[in-house]
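Heads up: the structure comes next, in structure tokens.
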Ligand code: 2AM
């Protein structure tokens with residue numbers, strides 16, 4: 001199974017993100033049902049490890065917290081812009097949950113994540129996009145922000161790589177409690 005841990009987003013936030021999409025030739029927009037904020041990418045694991053992951057996540061105790069999305073960003077590789085995202089504020093509550101998940105998954109036997117946590121919601125894959133259009137889009141939408149939203153659970157997703165888009169399935173929801 002190919003797995004990752006993420007925050008799902010409220011429908012109204014997905015609608016606002018979807019309303020932004022469009023207008024850059026050559027990009028693949030993420031379909032609204034696929035929007036999420038990854039807390040930890042796990043990747044392909046055998047069935048018994050998926051069970052360990054679930055157990056580890058189920059034992060996490062953390063409080064609900066506020067999350068805000070604000071501004072746009074891009075990720076580049078080899079001088080090419082690969083993806084376009086909305087930035088999530090790195091609040092203490094978000095950082096705390098992400099750190100707890102990382103610790104729990106390492107205890108369960110996964111190798112440590114090497115990349116620094118940069119919370120974001122990918123809205124487009126941009127390899128092949130016209131750069132001036134992309135820059136214009138980022139400028140035009142850079143003031144995008146959401147009201148703080150309360151995060152009350154996190155989710156273990158499985159992912160199947162489709163021809164056009166990946167299909168993400170929520171497998172288990174874990175509640176946060178005060
Ligand atoms: P991205 O949106 O920035 O590409 C499911 O693939 C989720 O896990 C995506 O949100 C993706 O982030 C994230 N992810 C992190 N590392 C990944 C990797 N090595 N391969 C695929 N997805 C990864």
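Even glycines carry a Cβ here, placed using N, Cα and C.
As annotated by TrEMBL, active site, proton donor applies to 36. In the three-state DSSP assignment, the secondary structure recorded for residue 36 (active site, proton donor) is coil. Sequence-distant neighbours of residue 36 (active site, proton donor) (same chain, six or more apart, CB under 8 Å from its CB) are 6, 7, 8, 9, 121, 155, 157, 168, listed in sequence order.
Within 10 Å of the C-beta of residue 120 (active site, proton acceptor) there are 19 other C-beta atoms, taking all protein chains into account. The active site, proton acceptor annotation in TrEMBL covers 120.
Among the features that TrEMBL reports, domain 'Phosphoesterase HXTX' is placed at 7-77 (among others).
The domain 'Phosphoesterase HXTX' annotation in TrEMBL covers 89-168 (among others). Break the domain 'Phosphoesterase HXTX' (89-168) down by DSSP state and the numbers are 27 helix, 20 strand, 33 coil.
Under the heading motif 'HXTX 1', TrEMBL lists 36-39. For the motif 'HXTX 1' (36-39), same-chain residues at least 6 beyond its ends with a Cβ under 8 Å from one of its own Cβ atoms are 4-9, 67, 88, 97-98, 101, 117, 119-121, 154-155, 157, 168.
If you look up TrEMBL, you'll see 120-123 marked as motif 'HXTX 2'. When averaged over the motif 'HXTX 2' (120-123), pLDDT in the model lands at 98.
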